[in-house]
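For reference, the structure is listed below as structure tokens.
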Amino acid sequence: MKKVILSLALGTFGLGMAEFGIMGVLTELAHNVGISIPAAGHMISYYALGVVVGAPIIALFSSRYSLKHILLFLVALCVIGNAMFTLSSSYLMLAIGRLVSGFPHGAFFGVGAIVLSKIIKPGKVTAAVAGMVSGMTVANLLGIPLGTYLSQEFSWRYTFLLIAVFNIAVMASVYFWVPDIRDEAKGNLREQFHFLRSPAPWLIFAATMFGNAGVFAWFSYVKPYMMFISGFSETAMTFIMMLVGLGMVLGNMLSGRISGRYSPLRIAAVTDFIIVLALLMLFFCGGMKTTSLIFAFICCAGLFALSAPLQILLLQNAKGGELLGAAGGQIAFNLGSAVGAYCGGMMLTLGLAYNYVALPAALLSFAAMSSLLLYGRYKRQQAADTPVLAKPLG
């Protein structure tokens with residue numbers, strides 16, 4: 001079982017490197033290829049577009065294959081997409097490479113979660129999914145700084161060549177360590193959409209989107225916030241980014257550790273509440289260096305503490321369409337990144353100081369918590385109504 005979790009964690013590490021590694025090489029990429037930095041920044045959006053487009057397509061048309069074969073196909077797409085990006089010299093080919101790299105992202109998380117739900121004891125699934133997600137958090141802590149170093153010392157192409165080669169190793173681990181099992185719950189194409197008739201998955205999608213949007217409304221502007229509000233120097237940003245990366249790792253670990261004692265719903269709702277409080281503290285107390293570091297750490301820890309319980313809630317409420325539901329969660333996550341960055345930017349467009357980005361951030365996180373509370377209320381009502389419906393008439 002540990003080898004399966006390790007294999008999936010290696011996969012999410014590679015995805016994390018591909019998704020976020022671009023942020024540390026934009027200047028070198030723009031200079032080398034002869035495009036503007038804003039145009040190079042489009043490569044972030046193309047990856048997100050690949051996630052949004054690829055996840056449902058792969059989820060819908062993969063029902064005839066085993067979960068292991070789907071994983072192998074997804075990792076192969078990672079190799080191809082990152083290799084294309086590495087070898088490209090035109091804007092068009094760079095964009096295509098990023099699109100292909102993003103296609104497998106959402107489906108990989110979904111298939112991985114389904115695999116773990118089938119081989120792990122019910123009470124341990126959330127912890128196992130947290131183990132899978134840990135690869136993404138470690139990528140933020142260690143992988144991305146390594147990629148930035150390679151770009152600065154050699155070339156940005158070395159960063160993405162490393163990602164492509166690493167994913168070949170991931171393919172080998174999937175081939176040897178992941179059991180060849182099928183998702184017998186999958187029905188025909190129409191049946192996979194049946195779960196969307198219930199409000200439950202939509203509330204989880206909303207919680208996922210608003211939760212990520214809340215953190216990203218602030219985190220998208222973390223550098224100017226820390227420099228102009230908290231008073232840190234630019235050289236301190238490397239330490240700060242490693243600190244928040246450590247928060248992501250520890251938040252995910254803590255979520256998995258307590259999953260045996262608390263339900264996924266309780267973990268997610270309480271985490272969103274803590275994030276709301278942390279964001280409000282970042283608004284009011286951002287001028288105090290130590291305080292801003294503490295609550296920045298808490299916000300980023302909370303972001304990844306949400307990942308595993310929300311993934312489990314989606315699987316529980318997507319019967320017959322588990323892969324589509326999990327992929328939809330990744331779409332909601334990426335949509336939240338865009339919504340959050342836009343909402344935070346609105347405060348700056350109005351001419352307000354950088355600490356004001358924490359206000360829409362807190363509001364979005366409160367919306368995430370509210371979505372989860374509404375979900376809990378709906379499930380309680382559903383449970384209360386079931387015995388009544390079961391009684392014979394007359």
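Backbone N, Cα and C define each Cβ position, glycine as well.
Through the fold, the topological domain 'Cytoplasmic' (1-4) approaches residues 115-116, 119-120, 128, 173, 177-179 of its own chain, all at least 6 residues removed from its boundaries and within a Cβ separation under 8 Å. Taken from Swiss-Prot, the feature topological domain 'Cytoplasmic' applies to 1-4 (among others).
Swiss-Prot lists 5-27 (among others) with the feature transmembrane segment. Within its own chain, the transmembrane segment (5-27) has Cβ neighbours under 8 Å at 37, 40-41, 43-44, 47, 71, 74-75, 78, 81-82, 98, 101-102, 104-105, 108-109, 112, 115-116, 128, 131-140, 143-145, 147-148, 151, 156, 159-160, 162-163, 166-167, 169-170, 173-174, 177-178, counting only residues six or more beyond its boundaries.
Per Swiss-Prot, transmembrane segment is recorded for 42-63 (among others).
Marked as topological domain 'Cytoplasmic' by Swiss-Prot on the basis of sequence analysis: 64-69 (among others). Within the chain, the topological domain 'Cytoplasmic' (64-69) has long-range Cβ neighbours (under 8 A, six or more residues past its boundaries) at 111, 114-115, 118, 174-175, 178-183.
For the transmembrane segment (70-89), the residues of the chain that approach it from at least six positions outside its boundaries are 11, 14-15, 18, 33, 43, 50, 58, 62, 96-104, 107-108, 111-112, 115, 157, 160-161, 163-164, 167-168, 170-171, 174-175, 178, judged by C-beta separation under 8 angstroms. The transmembrane segment feature in Swiss-Prot is assigned to 70-89 (among others); the stated evidence is sequence analysis.
The annotation topological domain 'Periplasmic' is assigned in Swiss-Prot to 90-93 (among others) on the grounds of sequence analysis. Mean model confidence for the topological domain 'Periplasmic' (90-93) is a pLDDT of 93.
The transmembrane segment annotation in Swiss-Prot covers 94-116 (among others), and the record cites sequence analysis as its basis. Non-local neighbours of the transmembrane segment (94-116) in the same chain are 4-5, 8, 11-12, 15, 18-19, 22, 33, 42-43, 46-55, 57-59, 62, 67-68, 70-71, 73-75, 77-78, 80-86, 88, 125, 128-129, 132-133, 178-179, 181, 183, 311-312, 315, 322-331, 334; each lies 6+ residues outside the stretch with a CB under 8 Å from one of its CB atoms.
Sequence-distant contacts of the topological domain 'Cytoplasmic' (117-128), counting only residues of its own chain at least 6 positions beyond either end whose CB sits under 8 Å from a CB of the stretch, comprise 1, 4-5, 67, 179, 181, 183, 255-257, 259-260, 264, 267, 308-309, 312, 315, 322. Under the heading topological domain 'Cytoplasmic', Swiss-Prot lists 117-128 (among others).
Under 8 Å from some Cβ of the transmembrane segment (129-151) lie the Cβ atoms of residues 5, 8-17, 20-21, 23-25, 28-29, 109, 112-113, 116, 158-159, 162-163, 238, 241-242, 245-246, 248-249, 251-253, 255-256, 259, 304, 307-308, 311-312, all in the same chain and six or more residues away from its ends. Residues or ranges marked as transmembrane segment in Swiss-Prot: 129-151 (among others).
Distant neighbours of the topological domain 'Periplasmic' (152-155): 28, 32; these residues of the same chain sit at least 6 beyond its ends, with a Cβ under 8 Å from one of its Cβ atoms. Swiss-Prot lists 152-155 (among others) with the feature topological domain 'Periplasmic', giving sequence analysis as the kind of evidence.
Swiss-Prot lists 156-178 (among others) with the feature transmembrane segment. Long-range contacts of the transmembrane segment (156-178) within the same chain: residues 3-4, 6-8, 10-11, 13-14, 17-18, 21, 24-25, 28-29, 32, 67-68, 71-72, 75-76, 78-79, 82-83, 85-87, 115, 146-148, 150, each at least 6 residues beyond the stretch ends and with a Cβ under 8 Å from a Cβ of the stretch.
The topological domain 'Cytoplasmic' annotation in Swiss-Prot covers 179-198 (among others) and rests on sequence analysis.
The transmembrane segment annotation in Swiss-Prot covers 199-221 (among others) and is backed by sequence analysis. Long-range contacts of the transmembrane segment (199-221) within the same chain: residues 244, 268, 272, 275-276, 279, 282, 299-300, 302-303, 306, 310, 313-314, 317-318, 325, 328-329, 332-333, 335-337, 339-341, 343-345, 348, 354, 357-358, 360-369, 371-372, 374-375, 378-379, each at least 6 residues beyond the stretch ends and with a Cβ under 8 Å from a Cβ of the stretch.
Swiss-Prot lists 222-235 (among others) with the feature topological domain 'Periplasmic'. According to DSSP, the topological domain 'Periplasmic' (222-235) comprises 10 helix, 0 strand, 4 coil.
Sequence-distant contacts of the transmembrane segment (236-255), counting only residues of its own chain at least 6 positions beyond either end whose CB sits under 8 Å from a CB of the stretch, comprise 126, 130, 133-134, 136-138, 140-142, 144-145, 219, 222-223, 226-227, 267, 271, 293, 296-309. What Swiss-Prot records for 236-255 (among others) is transmembrane segment.
Under the heading topological domain 'Cytoplasmic', Swiss-Prot lists 256-261 (among others). Tertiary neighbourhood of the topological domain 'Cytoplasmic' (256-261): same-chain residues 123-124, 126-131, 267, 308-309, selected by CB-CB distance under 8 Å and a gap of 6+ residues from either end.
The residues of the topological domain 'Periplasmic' (152-155), classed with DSSP into helix (H, G, I), strand (E, B) and coil, number 2 helix, 0 strand, 2 coil. Contact count against the transmembrane segment (323-342) (Cβ pairs under 8 Å) is highest for 42-63, out of 42-63, 262-284, 294-316, 352-374.
Sorting each residue of the topological domain 'Periplasmic' (90-93) by its DSSP state yields 3 helix, 0 strand, 1 coil. Broken down with DSSP, the topological domain 'Cytoplasmic' (1-4) shows 3 helix, 0 strand, 1 coil.
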